[in-house]
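What Swiss-Prot records for S106 is active site, nucleophile, and it gives similarity to another entry as the kind of evidence. Residues or ranges marked as active site, charge relay system in Swiss-Prot: E200, H270.
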Amino acid sequence: MSLFHLIAPSGYCIKQHAALRGIQRLTDAGHQVNNVEVIARRCERFAGTETERLEDLNSLARLTTPNTIVLSVRGGYGASRLLADIDWQALVARQQHDPLLICGHSDFTAIQCGLLAQGNVITFSGPMLVANFGADELNAFTEHHFWLALRNKTFTIEWQGEGPTCQTEGTLWGGNLAMLISLIGTPWMPKIENGILVLEDINEHPFRVERMLLQLYHAGILPRQKAIILGSFSGSTPNDYDAGYNLESVYAFLRSRLSIPLITGLDFGHEQRTVTLPLGAHAILNNTQEGTQLTISGHPVLKM
């Protein structure tokens, strides 16, 4: 089975019971879980001091265990504080041989983008310990797609997407929309041309989602892509004031401005049902009336 190494570079794990349940679930399945002490750390709202959380990341360069999955405990906020002090060069060098399979999402997007920007390091945007593996019930779809991505050099995700018929390919990248916005103009924002940009978010009203997407558009980032895929935007329920304005309104407005396909409906993000995507891998997108396919390759996988 697999070895999981936990890291907690972001928010304090307020759901300790869920973290313990996630660890138990993984060990019951025959996996080994290391570095479990990080789940109890706390400094204000963070999972430890800056020094402790930074060491979670920088110590990965010295990790010698083979075939290791690095799993973020949870998101929240905190990764942005660490970006300037991460030893990117050491992490990039470490990933050039026997790469760690680094997985997380939400606030962790900042770390993932930094690794991609600094050294084309591929990481996995997917489930985390508390919200997913520690849920009351582990979602079967999420579990299946996690192992699908980590065990197969080439794999395909299928869904019923909304958007124009298209077939294109490029570097798959993205993650949490708000975190990408926070990286614009910094050394940790990947400079991807002709890519396939995939985005998700949580607790953002539709107008805020639109505003962030427009910022990516006006910054020239969206027009430089081959396609955009939108995942889930949890907690984005409109109110009476919106008078019918919703996420579909956002999508329609963006499509009226973009000359590239925008495909929606992917189960990707903060919901219990989510795929796992290797950010920085090669992807082929095919959208027809029959459905949508995303075939991904070129990412590191577990050695079976």
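A Cβ is built for glycine as well, from the same backbone N, Cα and C atoms used for every other residue.
The structure displayed is predicted, hence computed values, not measured ones.
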* **Rounded to the nearest Å - Cα separation of E200 (active site, charge relay system) and the residue listed as 'active site, nucleophile'** => 9
* Between H270 (active site, charge relay system) and the residue listed as 'active site, nucleophile', find the distance joining the two CA atoms and give it rounded to the nearest Å. => 8
* Asked: What three-state secondary structure does DSSP assign to E200 (active site, charge relay system)?
  -> strand
* To do: Run through the Cβ atoms and count how many others sit within 10 Å of the one on S106 (active site, nucleophile).
  => 26
